[in-house]
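S.K.: Below is a structure I'd like to ask you about.
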Amino acid sequence: GTIHLFRKSQRSLVGKLTHEFRLVAADRRSWKILLFGAINLICIGFLLMWCSSTNSIALTAYTYLTIFDLFSLITCLISYWVMMKKPSPVYSFGFERFEVLAVFASTVLAQLGALFILKESAERFLEQPEIHTGRLLVGTFVALFFNLFTMLSIRNKPFAYVSEAASTSWLQEHVADLSRSICGIIPGLSSIFLPRMNPFVLIDIAGALALCITYMLIEINNYFAVDTASAIAIALMTFGTMYPMSVYSGKVLLQTTPPHVIGQLDKLLREVSTLDGVLEVRNEHFWTLGFGTLAGSVHVRIRRDANEQMVLAHVTNRLYTLVSTLTVQIFKDDWIRPTLSSVPIANNILNLSDHHIIPMPSLKAADSLNPVTSTPAKPSSPPPEFSFNTPGKNVNPVILLNTQTRPYGLGFNHGSVPYSSVLSQGSGVPGTGATQGFRTGFTNVPSRYGTNARGQPRP
């Protein structure tokens, strides 16, 4: 084949982003989002100019909500990109966590903007500047119209899921209490006010209402401090609305188990533990992979006679109703019968009725033995147990009396040893050396044991 001396350099980060953007732009569903994004940039430019001309920090705080709409449009594009991408060896679980990260980054940036407004408002309380109301009301209605039109026209799947799954903000709770009071007077409005209101629509309406009050008070009484108070109110509403979403998306990034599915998971695990052949379910771990996607892994110990494939099918069938990405490891019971010995034993040793000779292990070469103690000589080891005048030293091996002919002995002459000769050599305790690895003390034959078939000494 062709030899390329100079390889092409890897694509830069900007090139990769451009390639992925072209991949998303090829889908017609993303054209609408790109159009709204372009209009959003134009609207943000006009609002920032009007904030500078009016010197209103409340309008600046409300403009940050329009900037947040731009982040939500980018998140929607990322959601479309995630649906187009397939799992890769690097991202084996897919790319769903990218949209979780986009939601977390958007909400955190909105909270940082709210903190910036709070800091500027604290400085303005010390020296309140004059507020011009010429374009204050116009900027308010332009921002309100665009924010509502964007939220209601584009279905943002990640933010829609987070707004429903996350805990309610303090603004939603107060509005819900007010809605119950109104519905108690006019029951026909229960279908409109009682359901959980969209937090983004709610904060857009509440911010516009605060700016309208600011405009009226400044026009009537020239009360410029109300602009700073409105900015603080909008910043607090923004922070209170985005904080629960940040917490929820952050828990997803930390791979925690959602609290609302813990009870269902425990019920399914109890059902799995009662299946035929299942002995134990352990090392279970379940976490949220993306919005509405639960992943998990579990180890199942089964009986030795159970069918692995059958148990795997039943376990997967039970857990797949709740866990879409599941890894099940099946292993059989590791119980093993205890054995008395790890080496085979000769039949002649087990037959004690006709073989009364104390069994002797195979001995090493004579050059590695100490003729005094019959134990391996190790220069670095401590002295052997029977190296001093202890019971068992210089005692002939004890051979029990048996008059039958034994063709399979260890090579020693059969017969009885006078008991007095045993006592004359030292301690007369038979078999003392056998308990310590069959060590005996031979005095007459220090280095050679037994004879061969021809009567010659065995080396």
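Quick reminder: no glycine exception, Cβ is built from N, Cα and C everywhere.
Take a look at what TrEMBL says about it:
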- 34-254: domain 'Cation efflux protein transmembrane' (DOMAIN)
- 369-391: region 'Disordered' (REGION)
- 435-459: region 'Disordered' (REGION)
- 31-50: transmembrane segment (TRANSMEM)
- 62-83: transmembrane segment (TRANSMEM)
- 95-116: transmembrane segment (TRANSMEM)
- 136-154: transmembrane segment (TRANSMEM)
- 200-218: transmembrane segment (TRANSMEM)
- 224-243: transmembrane segment (TRANSMEM)
S.K.: With Cβ distances under 8 Å as the criterion, find the stretch in 62-83, 95-116, 200-218 that has the most pairs with the transmembrane segment (136-154).
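M.R.: Most Cβ pairs under 8 Å with the transmembrane segment (136-154) come from 200-218.
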S.K.: Are the transmembrane segment (62-83) and the transmembrane segment (200-218) near each other by the rule of at least 3 C-beta pairs under 8 angstroms (pairs 6 or more apart)?
M.R.: yes
S.K.: By a Cβ-Cβ criterion of under 8 Å, what residues six or more beyond either terminus of the transmembrane segment (62-83) are in contact with it?
M.R.: 20, 23-24, 27, 29-30, 33-34, 36-37, 40-41, 43-44, 47-48, 51, 94-96, 98-99, 102-103, 105-106, 109-110, 113-114, 117, 139-140, 143, 146-147, 150-151, 154, 156-159, 200, 203-204, 207-208, 211, 234, 238
